[in-house]
Amino acid sequence: MPSLTQLANPTRFLDFSGKLIPWFAAAAAIVLAVGLYYGLFASPPDYQQGDTVRIMYIHVPAAMLAMGCYTLMAASALGTLVWRHPLADVAARSAAPIGAAFTLLGLITGSVWGKPMWGAWWVWDARLTSFLVLFIMYLGLIALWRAFDDPARASRIVAVLILVGFVNIPIIKFSVDWWNTLHQSESIFRMGGPTIDPSMLRPLFLMLGGFGLLFATLLMGAMRAEIYRRRVRTAQLVAARPRASVAAATPVSAAASPASAS
Amino acid sequence: MTHLGYILAAYGAAFIVIVGLILWVWLDLAAQKRKLARLDRDGTRRRSRRPAA
């Protein structure tokens, strides 16, 4: 099993992730299928929410992954700024669209649950508003990455912004404790244990596991695509230079690309 | 099942978002591999992949 330092080499990451992806994808499909069976057919309706509790089995994993993905991006931003880790920017950039998609899913499923339960598709509640801010931040970061031609230059600027935006994650997490919100307070990962009945906790954890495996699969695939994209860019830059200057030139823009470390 | 329409809408949205993500990653990966293979075929290589002079 290669260490993290060894995986920092993009070529090794490509080899390793290529072997892991089929296993992770298969595991995600199996766990999600079992989770869906329990969530839709083998768990009871809630005594207050009725069957709408089944929406929670996708809403909660999507919301947790949305925040987890941003936390991973913040760790990657540290890796970019402090250690210049060759894969850190690749990981952050690849994770952003996936995180945005899970945030959107959290917003949609929350809204669809809110209409029959609260009588409103949307309320400007602290949890909902801070979660919407997370979605806007994801979109802003993706736009900023695309605004730069040179990925190396973009990486440092975006990494600073990711770290600044990380302040929103504890705000989302603790918003239900700090303010009087319509959104329910923490009921799974809390001191004193979950307040949810085990019959509903089982499909919830299965779906959490399935979503987690799916996220890992998607992230590895997106990172592979990003590494190849940077290699294509480097090769195109080299091809665009006159032959003589290629031979004489010191590595500048090509070497600046993290992917060129391989 | 109560509120069936809402439940179907939520699971339908999840299906669309997840399938969309899988397709996006898959197609992007395939496109980048194809571009790199084409450049390689045309003799355009990164310095690290050039044969030593």
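Cβ from N, Cα, C; glycine included.
The annotation domain 'Cytochrome c assembly protein' is assigned in TrEMBL to A:9-183.
The transmembrane segment feature in TrEMBL is assigned to A:20-40 (among others). The list of residues near the transmembrane segment (A:20-40) in space but at least 6 beyond its ends in sequence, with Cβ under 8 angstroms from a Cβ of it, reads 54, 57-58, 202-204, 206-207, 209-211, 213-214, 216-217, 220-221.
Counting residues 6+ beyond its ends, the transmembrane segment (A:60-83) has Cβ neighbours under 8 Å at 89, 91-92, 95-96, 98-99, 102-103, 105-106, 109-110, 131, 134-135, 137-138, 141, 155-156, 158-160, 162-163, 165-166, 168-169, 172-173, 188, 204, 207-208, 210-212, 215 in the same chain. Taken from TrEMBL, the feature transmembrane segment covers A:60-83 (among others).
Marked as transmembrane segment by TrEMBL: A:95-114 (among others). Residues 52, 55-56, 58-59, 62-63, 65-66, 69-70, 72-73, 76, 120-123, 128, 131-132, 134-135, 138-139, 141-142, 145, 211, 215, 218-219, 222 of the same chain lie 6 or more positions beyond the ends of the transmembrane segment (A:95-114) yet place their CB under 8 Å from a CB of it.
Annotation comment: TrEMBL describes A:126-145 (among others) as transmembrane segment.
Away from its own ends, the transmembrane segment (A:157-176) comes close to residues 67, 70-71, 73-74, 76-78, 80-81, 88-89, 92-93, 126-127, 130-131, 133-134, 137, 140-141, 144-145, 148, 183-186 of its chain (Cβ-Cβ under 8 Å, at least six residues beyond either end). Under the heading transmembrane segment, TrEMBL lists A:157-176 (among others).
Same-chain neighbours of the transmembrane segment (A:204-223): 13, 17, 20-21, 24-25, 27-28, 31-32, 34-36, 38-39, 56-58, 60-62, 64-65, 68-69, 87, 90-91, 94-95, 97-98, 102, 188, 196, counting only residues six or more beyond its ends whose CB sits under 8 Å from a CB of the stretch. The transmembrane segment annotation in TrEMBL covers A:204-223 (among others).
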Can you name the far-off residues of the same chain, 6+ from the ends of the transmembrane segment (A:126-145), with a Cβ under 8 Å from a Cβ of it?
63, 66-67, 70, 73, 93, 96-97, 99-100, 103-104, 106-107, 110, 151, 154, 157-158, 161-162, 165, 168-169, 171-172, 175-176, 178-179, 181, 183
Taking every residue in the domain 'Cytochrome c assembly protein' (A:9-183), what is their average pLDDT?
94
